[in-house]
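A short write-up of the structure that comes next.
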Amino acid sequence: MITRFLFIVLHVTISVQAEGPQCNGTLTFDKPQNGATIYPEDFSDSNPPLFPDNCACEYQVNVPENWYASVKLFVKPGVTEQIAPVEVWDQLQKREQVFSSYNELFYFISNGGHITLSTKTAKVHFGFVVNWYQYNFEPTKNVTVCQPDAHPQLLKNDKDVKYLVTAYTRASVTITPPSNTTGLQYLRGVFVFDGVDGNLTYLGTGRQLLDLNTQFVSSTKYLTVLCFGDTTFYPRGRIVVQDYENTKNIASFQSISCQIMEDCDKISLNGTNEVSALQIFSGYQKNPYILTGLNSSGRIDIYNGGFTKHKANVLGTYLAGIGASSFPQQLFGELTTFVMSTPGFAQFSFTRKNSTFQSSSFLGRRGFISANAYGVSTTQQSINTYINAPNNTQSANFKVTVVSADLVENSTLKMWGMKDGKSIYSLIFSSSNLPTLNLVSEIYGDAVHIEFSTHDSYSEGCLLNFAITKAATGSFTILIFTLITLSFLLK
């Protein structure tokens, strides 16, 4: 009898433990005097508890003024469902659905936010850790944007930074993602506000900007951005700030995340009913983005930097039915913006394998080469690139056209025709030897090398077009000048 009673007691105890934490209704978490709050109390990321089926819970996280809370969230469903078991809500009642999470970070500012859990029959392992931090953003970093600016301001998501943006009309902010998906969680710690201190209206987070493919716009010329920081070593994206006069006709903003030395997932623009844009942040030019293919039914204009009405930073235009001869095409600037300016649909293919642009698959290839900050007066302008003839061709004619060249003071533009790694011809342009714009320099060799440098002089850079054609029989070094059209349309 005693043995049977002990068995029943043990059986009941084990059954209760297997059910895991019990919750129905709302649990509230306020900032403790010290340390973090862990839920459930026995939670650890190596052994998160299994919650019962059909468990419905809400967790309210309160945040005092001038504080923020970081929530490290663990969600692991045993069964994949079409409905997310967890949702995270901010103070604007904007939600993010969470299907799974391994210690991802979420952020709340005052007055806080809440997390909902609905396990249904998904066998959900769940837990979180909350830390509260007081912030004091001093000094504020002031940023100014104007309508004529060809290049938007590119802000970093640094630790505990406050930006005050002053625009000529109104301020627009978009976002580009980090190259590694692990860094996406830190975009939740980018908070955007309409206005300035004392009159702030919360607009949303960087992650919401990215997911919604949109822009946040200030109601006046002031916009405030708080960053709680990406402290990883992953290459980061940028917070893109510009004057709304430039972006007001663009309905959607796409971007792309791709690791260096890898091919990227394809990305699409739908400009059937609205003007849409694709922003690419290349960052370090050792591993730029290279466009390897485009299937488009509309006109796409390419801007070095951001969209502008004056179009001084336009690199070229892709028309509907663009052919393979226009690729691969390197993006030389820190930020490149593709704008679908006529109704249509486009699908882009990119790679970050940095030798792709140098290689040519066939004769007839064409494209453009630009200084990294083309369209902006700066001392940090440069080009240093090679383009090879096709592998099955010993030599070719490289037709290079100087479309624009701001050769002032010490700036130089150099072109070399190469053969077996040696220079067999060179052209050198400077402020005292300016090139004739929109004329073709036809250079023979198995490669062409192009270099531009400001040598610490202020310059708006240069833009060149090129095409690779069959070498004439018996050619050695040829220089031909032919007048061509002023427009640059990649066909």
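Note that Cβ sites are derived from N, Cα and C of the backbone, with glycine treated the same way.
For the domain 'CUB-like' (19-136), the number of residues in each DSSP class (helix H, G, I; strand E, B; coil) is 1 helix, 63 strand, 54 coil. The domain 'CUB-like' annotation in TrEMBL covers 19-136.
The domain 'DUF7592' annotation in TrEMBL covers 145-227. Here the domain 'DUF7592' (145-227) is broken down by DSSP into helix, strand and coil counts: 16 helix, 34 strand, 33 coil.
What TrEMBL records for 245-352 is domain 'DUF7591'. Confidence for the domain 'DUF7591' (245-352), expressed as mean pLDDT, is 94.
Per TrEMBL, the feature signal peptide maps to 1-18.
Positions annotated as transmembrane segment by TrEMBL: 471-490.
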